[in-house]
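Structure first, then comments.
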């Protein structure tokens, strides 16, 4: 049982972008409710190595921006370590492409397996000189920035990270750039850039970016991370007598797929006190135990709005009557782990009935869970999803490792313990 109310840690996507845009703006910026997770701290460390003064005081971060072209290499051979962060590596490449120095990006074993040509190819089209393993598809990747041209680019994949990287590079272009999305993805970069004074227009799937001389400083409040809230939300939905109020959660329309799915599955969820802060919708989420969940189908219309929540939705589906079908989600294969395979194998291991598809999975409900030891594959979302399974499993679900949770949700187990009292 989970009961209580709490304010959630800052959104990971917005925290990354807040550091990056503050670093390339002119002046001092204050970031409130910043996520002190390992991924976001990798972004902090990368910009510190490029001469940006970043001070951290509890959940507040103060960034002294260097301006759009003011970053510099503090080493002869600048090495930027992004750790486990896919957001850091893909977005920072767009900024590095416009700088006048050479740098090499490395990361951990997981990052070394994630595809980067989706970013490096269009950046090369814009004039960046990029080299790396497998023709710059894999790290380490070396970027020599400089004078960029504009780009007219139709994205072959739906990816907020790729889109954001190209938008950032377009700030350094010689003319107007046009980017067309395949499917609308999360738009935190566009919202934040406007507040920093960028000349950017969005019309449905079309994005128009004009180069600028400078970005101007802006204080930022980071709302709670709905992707992190999802684990507590599902925990409350499936655990008897639970009722949880999660305060100040980001409700950006490109991120609320988890709420839409919960409603489709007959879950008890309510949005309270909705407002707007720094251009982002924010509100409180009330979730209650829901014994009459039903299966549903999740496809291409919803996938971009909940790609990070698929593992925990799969667990929710084990408590629903009927089948839950997840498709058009092949992007899950190139996350921190192959999340299709990771989720299906681990669900079956603890007693659920799940079938792997080429682009998703089928979960058959309702099935009792008997526990067991699962592999997290050093994937924070796999680890948190299966830790929630302990709320309903007949025997303990044991994680082979839980250290990876600090990547996105430091203090996660302390919060669970507090809500379980």
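Glycine is treated like the rest: Cβ placed from N, Cα and C.
As written in TrEMBL, here are the features:
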- 308: active site, proton acceptor (ACT_SITE)
- 12, 13, 17, 159, 161, 308, 335: 3-phosphoshikimate binding site (BINDING)
- 12, 86, 114, 161, 339, 381: phosphoenolpyruvate binding site (BINDING)
- 2-414: domain 'Enolpyruvate transferase' (DOMAIN)
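Nearest neighbour of residue 114 (phosphoenolpyruvate binding site) by Cα distance, taken over the recorded positions 12, 159, 308, 335: 335.
Looking at residue 17 (3-phosphoshikimate binding site) and residue 339 (phosphoenolpyruvate binding site), their Cα atoms lie 25 Å from each other. Once Cβ contacts within 10 Å are tallied over all protein chains shown, the binding-site residues 13, 159, 161 are led by 13.
Summarising the environment of residue 86 (phosphoenolpyruvate binding site), the number of other Cβ atoms within 10 Å of its Cβ, over all protein chains shown, is 20. Residue 339 (phosphoenolpyruvate binding site) has a Cβ environment of 25 other Cβ atoms inside 10 Å. Non-local contacts of residue 381 (phosphoenolpyruvate binding site) by the CB criterion (under 8 A, 6+ apart in sequence, same chain) comprise 227, 308, 311, 312, 335, 336, 339, 408. For residue 12 (3-phosphoshikimate binding site), the Cβ neighbour count at a 10 Å cut-off comes to 23, with all displayed protein chains included.
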